[in-house]
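According to Swiss-Prot:
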type: CARBOHYD; residues: 25; note: N-linked glycosylation site
type: CARBOHYD; residues: 38; note: N-linked glycosylation site
type: CARBOHYD; residues: 60; note: N-linked glycosylation site
type: BINDING; residues: 98, 171, 172, 173, 174; note: D-galactosylceramide binding site
type: CARBOHYD; residues: 128; note: N-linked glycosylation site
type: CARBOHYD; residues: 183; note: N-linked glycosylation site
type: DOMAIN; residues: 207-297; note: domain 'Ig-like'
type: TOPO_DOM; residues: 327-336; note: topological domain 'Cytoplasmic'
type: MOTIF; residues: 332-335; note: motif 'Internalization signal'
């Protein structure tokens, strides 16, 4: 019992000393896109994401996986990385060959062109807990997953997949390799990435917001647009408000990536002409420290009025100066 206080202190320091990156969930996702136009032409491209950051890419035209971050190798040694990369190189060649054989076997039920997408990786939770996944889509429809120790079709998958799944599950070597990659290699690799990429993963970039409007498809209406850009991480809350009331007609578009790995989002609201008064766009983001951005539509109109006022004042001043000079010249001519 005398060691218990020291054990508790050690545990506390371990938790307290964890970085922010280790105290939130992160999804490590490998995305594979494979196209088969016919029996002699195919290509496979892959990208890898950790949270909102791309860490790797693998073009069909390249024999090796490219790093998109200085820390993309994580804590793996060069030898460990080469071994892992070789495993995927063998997989890519085998995958292409196996799909071509599968199409030959299933013809005429299934024929070219064929599109296959694969999403695999692991979800990392605080405390070193993790959960792996592997999903396969055929012609854009989710059809197969690897669950536990075996391949399974999902509800609604075509019945012709039963035979390939049976063959895959009979290959115990392949199933064991998939389990190892998902349950052991993935969490270990991601922990290294979280440590090596800590500064990038924990960065906070404040959003910039501005307002505009575009014509609406409805007569007598206009569409107000709230633009939000330059923020990281990706989660953000954008809403059109009238006072404290959220405007349920707010439509948020898709997140779009900027070249600097920040994000752009726009929120639109369709309103009747003349009903814009009192509306505001509110933006919440972790980088703002609770100080939300609030842009009032009425305030947007103020600069226009101010510019008109300044122009009118300048015209009056210029007119007065011209009149004064003209009077001076007239008076001078009268003296002469």
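Including glycine, each Cβ sits where the backbone N, Cα and C put it.
Listed in sequence order, the residues of the same chain lying 6 or more apart from residue 128 (N-linked glycosylation site) and placing their CB within less than 8 Å of its CB are 187, 191. Among the binding-site residues listed (98, 172, 173, 174), 174 has its Cα nearest to the Cα of residue 25 (N-linked glycosylation site).
In this structure, the CA atom of residue 60 (N-linked glycosylation site) is 28 Å away from the CA atom of residue 172 (D-galactosylceramide binding site). Here the candidates are the binding-site residues 172, 173, 174. The one whose C-alpha lies nearest to that of residue 38 (N-linked glycosylation site) is 174. When each of the binding-site residues 172, 174 is scored by how many other Cβ atoms sit within 10 Å of its Cβ, 172 comes out lowest. Between the CA atoms of residue 171 (D-galactosylceramide binding site) and residue 183 (N-linked glycosylation site) there is a gap of 18 Å, rounded to the nearest whole number. According to DSSP, residue 172 (D-galactosylceramide binding site) is assigned to a helical segment.
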